[in-house]
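According to TrEMBL, the features are:
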DOMAIN    2-100  domain 'SRCR'
DISULFID  CYS71-CYS81  disulfide bond
DOMAIN    105-200  domain 'SRCR'
DISULFID  CYS169-CYS179  disulfide bond
Amino acid sequence: TLRLAGGRSRCEGRVELEQEGAWGTVCDDGWDMPDADVVCRQLRCGRAVRVHGRAAFGRGTGPILRDEVGCEGHEEHLWDCNATLEHDCSHKEDAGVVCSEHQEWRLSGGRDGCAGRVEVFFRGTWSTVCDSTWYELEAKVLCDTLGCGEPVRQLSFAHTLPGRMLYQCEGHQPSLAHCQWTYNKSAPCHQSRAAGVVCNGMGP
């Protein structure tokens, strides 16, 4: 089995493999986009948008199971790729990846990271969020995810980024990615403004 650890969603993080009941990592020697593409596709996380080395998502533990991974990009599983099992690596060289289905958020234009226009990084680009279904619940989930406390005010802005995301939460989810979402569907976003929020926290 394969997983990404240490990221902000299941589609971002340090690459970890399970072998004989123990989880281990992959060394970043030769780690590149075709290798990362195989990981993202295997996890149903789309395609790779960024590759990381040098334990960008923290150092793993356990054995280092692959070095000099050399995928061509079409393989079904990471373990189908050429690699050396002997290595001269330490965990400070753990490989990582950000896949296209990963979502991360920021509030931009405010006095700190806890107020401003809601922007989402998805499929390799930053997009705004349509306010047509953006209510107290969605704002609460976002403020919480960002470590910014509770929402105190809703704002609206112009859409000036190329993409548009729409969220609808049913209950208090761990992040907006766990709510229902649609990307670049024009109908529900038609005549919408870009959502913004002021949370009561000060930000990390």
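These residue numbers are counts, starting from 1, taken along the chain as shown.
Glycine is treated like the rest: Cβ placed from N, Cα and C.
On the 0 to 100 pLDDT scale, the domain 'SRCR' (105-200) averages 93 in this prediction. According to DSSP, the domain 'SRCR' (2-100) comprises 16 helix, 39 strand, 44 coil. Its own atom aside, the Cβ of CYS81 (disulfide bond) has 18 Cβ atoms within 10 angstroms in the protein chains shown. Counted within 10 Å of its Cβ, the other Cβ atoms near CYS179 (disulfide bond) come to 20, all protein chains included.
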